[in-house]
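**Q** My questions will all concern the structure given below.
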């Protein structure tokens, strides 16, 4: 059996009892290590799970999936995913590969950022399509995702923005030369995402377009959702450029414009002071 097991969002203890029981009896246990991270490292997980973990990077999952599935028809293999197993399409591909090989599979779900964002008080059924914001480079500055933000705003829906993670990435030079040298991990902050969004807004104005959001659009920044030091900040997009939410992982919500009174009341718990001109640290409850 192939088991896809969600780990939740905080630390080693967020795994479900059912998931932990499976992990402890599997012959091999893989830890998917590139779509998200917990607030603790591999060693802490191994200590709590009482099992050695094999870190599976993007290359291993997408190009060497057969190694993960090897002997899964005659033994139990676990594939651990931060959040919920189906928070990334890569894991659907693993299930399809298993099915083609006649390997049975089972999913043990857990909390993911897709539902945990409700902690800020915005109601989940008021969210539209989720988007991803990637790190820009000197030569690649995509804006296409902004069309989905515009569509959500037109429908009065909030937009959850998942922010880029760069783990085990190679520089262009090392990639060309075939050198297995990797760049340090990078995690996009709410500040960086907000700055890129504001640049898109300016670009649209220069092109004579009416941007779907402005500097004054109400947004919500979230950091380390599910952890004890979780932080939430509600304020304008401009304020999101300087608010201090600390360590990763971060997410950003662009509100839909029209808020339910309960949403307004909840967001007031996390409001950034209006007179804050410098970086502010916001403590979530």
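We count from 1, first residue shown onward.
Glycine too: its Cβ is placed from the backbone N, Cα and C atoms.
Reproduced below are the annotations present in TrEMBL:
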DOMAIN    1-239  domain 'Tetrapyrrole methylase'
BINDING   9, 84, 87, 112, 113, 163, 225, 250  S-adenosyl-L-methionine binding site
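Mind mapping these onto the model and telling me what they sit next to?
**A** With a 10 A radius on its CB, residue 84 (S-adenosyl-L-methionine binding site) counts 24 other CB atoms from all the protein chains.
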**Q** Provide the number of Cβ atoms within 10 Å of the Cβ of residue 225 (S-adenosyl-L-methionine binding site), excluding the reference atom itself.
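**A** Counting Cβ neighbours of residue 225 (S-adenosyl-L-methionine binding site) within 10 Å gives 23.
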